[in-house]
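Down below is the structure, laid out as structure tokens.
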Amino acid sequence: MATDTQKETLGFQTEVKQLLHLMIHSLYSNKEIFLRELISNASDAVDKLRFESVANADLLAEDPSLRVRIEFDKETNTVVIDDNGVGMSREEAITNLGTIAKSGTSSFLEQLSGDQKKDSQLIGQFGVGFYSAFIVADKVTVETRRAGVAADQAVRWVSDGSGEFTIENIDKETRGTRITLHLKADEKDFADNFRLRHLVTKYSDHISIPVEMEKPVYPEMDEEGNPKPVDENKAPEYEAVNSAKALWTRPRNEVTDEEYQEFYKHISHDYQEPLKWSHNKVEGKLEYSSLLYIPSKAPYDLWNRDMQRGLKLYVQRVFIMDEAEAFLPPYMRFVKGVVDSNDLSLNVSREILQNDHAVDSMRSALTKRVLDMLGKMAKNEPEDYQKFWDEFGNVIKEGPADDMGNKDKIAGLLRFSSTHTDAAAQTVSLADYIERMQEGQDKIYYIYAESHNTAKNSPHLEILRKKGFEVLLLSDRIDEWMMSSLQEFEGKSFQDVTKGKLDLADQENEEEKKEKEEKAEKMKPLLDRMKAVLNEKVAGVNSTDRLTNSPACLVVGEYDMGLQMRRLLEQAGQKLPESKPTLEVNPDHPIVAKMDTETDEERFSDMAWLLFEQATLSEGGQLEDPATFVSRMNKLIVQLSK
Ligand SMILES: Nc1ncnc2c1ncn2[C@@H]1O[C@H](COP(=O)(O)OP(=O)(O)OP(=O)(O)O)[C@@H](O)[C@H]1O
């Protein structure tokens with residue numbers, strides 16, 4: 001007997017209170033999901049016990065048939081979800097049912113706007129879990145006993161969901177967790193045999209252990225055809241309501257889309273339908289099954305480096321661990337799913353997974369599987385693929401650097417914004433670009449800037465626009481890094497239009513070439529004068545035919561680091577070797593023509609500096625001395641207006 005119950009009242013963590021409040025108000029139209037969530041937790045608890053019993057078979061001994069049971073009572077308006085899984089200790093119950101362990105929770109909750117708070121998709125995306133019980137119940141009692149501990153070591157947790165819970169020690173005869181929902185007055189209808197059975201088949205059919213309900217008792221008939229009295233003392237019999245077969249072990253053609261979708265919700269704790277899935281069984285040297293899903297929405301913590309990721313790992317149908325990250329590369333951290341191997345040992349650990357040959361081969365096969373699934377979607381369902389790209393494109397962009405071996409496949413999946421439409425949406429594939437290439441064009445042109453508008457309006461694009469060359473417009477932080485690992489696509493190399501010499505020469509005729517050379521020759525004295533003024537800031541001053549409207553722009557050497565990347569690294573405190581850009585000026589611009597005839601050296605110098613400074617600004621850079629720039633400009637305006 002638990003003599004000292006040590007009853008105490010504790011408060012929920014603030015985040016739990018916030019989440020409970022949001023959930024009850026946003027999920028009322030879909031309240032039945034509480035059953036799916038609680039069965040899902042119960043089945044996880046059973047999986048965990050089965051895993052622990054691999055090392056300690058005694059844990060299963062007294063009650064070896066693992067199952068979840070649903071009971072109800074119309075008189076007391078209760079629904080019970082009872083499992084004989086791993087259970088919880090007092091400390092575990094306090095932590096698991098009173099706090100939210102996920103990192104980033106409070107910032108996620110704080111950032112929600114008024115409308116978002118009512119958005120069930122968003123709240124659901126967070127994973128409603130155990131707390132969904134409070135959508136239909138005004139009091140929840142959890143009685144739980146950890147596997148392997150004595151009957152008097154069990155605990156009872158009770159809460160009305162408003163902010164506090166009580167916890168006390170109790171006796172519990174059996175291992176596992178029993179959750180009793182005391183239904184709210186207007187949710188009494190859930191305490192109903194047909195409704196509950198219907199919900200179990202709808203949401204939990206794929207759960208690999210039996211979800212049982214009491215067998216209906218039909219009275220036997222006597223010889224005259226009258227019902228015999230039912231024996232009230234007979235222990236109830238239970239029957240499985242679901243098919244209780246691990247979904248991934250079933251043949252593909254026997255699994256319906258709805259089942260795949262429900263299974264996804266079970267393993268991912270996502271509230272929405274997956275965008276795509278791929279189910280495979282591999283036989284041969286290695287034997288394993290995999291079921292991989294692409295979610296339709298990015299989780300709120302996709303950018304968190306510590307985000308939990310990875311597949312659910314089973315070995316010969318026994319659950320081993322969640323978030324086994326060794327089976328897919330980090331740039332596929334959005335993929336959810338299951339892998340069930342026949343080759344690994346049941347007591348495999350995370351460390352072993354990192355250094356296992358079989359895991360390496362599975363990782364490379366599963367990576368290809370995901371790439372193929374995406375490739376097919378891009379080809380056959382471009383609208384779905386666009387949805388995927390809008391959510392996860394920035395993670396795929398980590399791919400070329402992360403996974404050199406699949407660089408070409410990944411490059412084919414990339415989508416860009418481009419001067420073809422100038423829109424910010426990333427919809428252009430490299431194949432689209434190549435198809436539109438001009439005759440004789442052998443490079444894929446791109447520009448990177450800190451924002452889409454800076455890229456789109458960059459002076460560097462002037463000549464390319466004039467001559468009708470398409471340019472990819474890159475402005476996501478990761479883009480410059482991504483491009484540094486992409487050298488070519490289908491034999492066409494990439495060229496950053498702000499770097500090195502922009503060689504459109506093969507598209508020029510002889511006459512144009514000659515004219516250009518003559519112009520450059522004539523410009524030389526002016527360029528030398530400018531170089532003398534700007535010497536400390538630029539490597540050189542050249543004449544260019546890149547520009548049509550702007551007077552000047554900055555260009556870095558072909559093999560130098562881009563100006564944005566340099567700024568980024570400098571901001572992060574890195575010391576970089578000095579490298580100066582080249583100022584390129586437009587010989588046809590009126591300011592440049594005016595400078596050529598300027599005899600006042602001070603005014604010439606002001607103009608040269610202004611050209612340099614405006615070129616810096618237009619590529620998104622910052623001036624070292626903005627005040628001097630302003631006073632220089634004002635001086636010139638005053639002189640002009642005299
Ligand atoms: N029936 C149960 N048996 C044992 N432990 C349980 C049971 N139900 C819940 N738990 C514990 O409580 C924790 C919190 O459950 P909860 O459903 O809130 O979150 P979750 O399942 O971890 O994830 P999600 O919020 O995405 O559903 C679980 O991780 C588990 O450790």
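Glycine is no exception: its Cβ is also placed from the backbone N, Cα and C atoms.
Nobody curates TrEMBL annotations by hand; they come from automatic prediction.
In TrEMBL this protein carries:
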type: REGION; residues: 1-350; note: region 'A'
type: DOMAIN; residues: 30-187; note: domain 'Histidine kinase/HSP90-like ATPase'
type: BINDING; residues: GLU37, ASN41, ASP83, MET88, ASN96, 102-104, 125-130, THR177, ARG350; note: ATP binding site
type: REGION; residues: 568-642; note: region 'C'
DSSP three-state assignment for GLU37 (ATP binding site): helix
The region 'A' (1-350) [mean pLDDT, rounded to integer]: 87
Three-state secondary structure, ASN96 (ATP binding site) (per DSSP): helix
Secondary structure composition of the region 'C' (568-642) [DSSP: H/G/I, E/B, coil]: 45 helix, 4 strand, 26 coil
Tertiary neighbours of ASN96 (ATP binding site) (same chain, Cβ under 8 Å, six or more apart): MET88, PHE130
Binding-site residues (GLU37, ASP83), the one with most neighbouring Cβ atoms at 10 Å: ASP83
For GLY129 (ATP binding site), the number of other Cβ atoms found within 10 Å of its own Cβ: 18
Cβ packing number for THR177 (ATP binding site), 10 Å threshold: 27
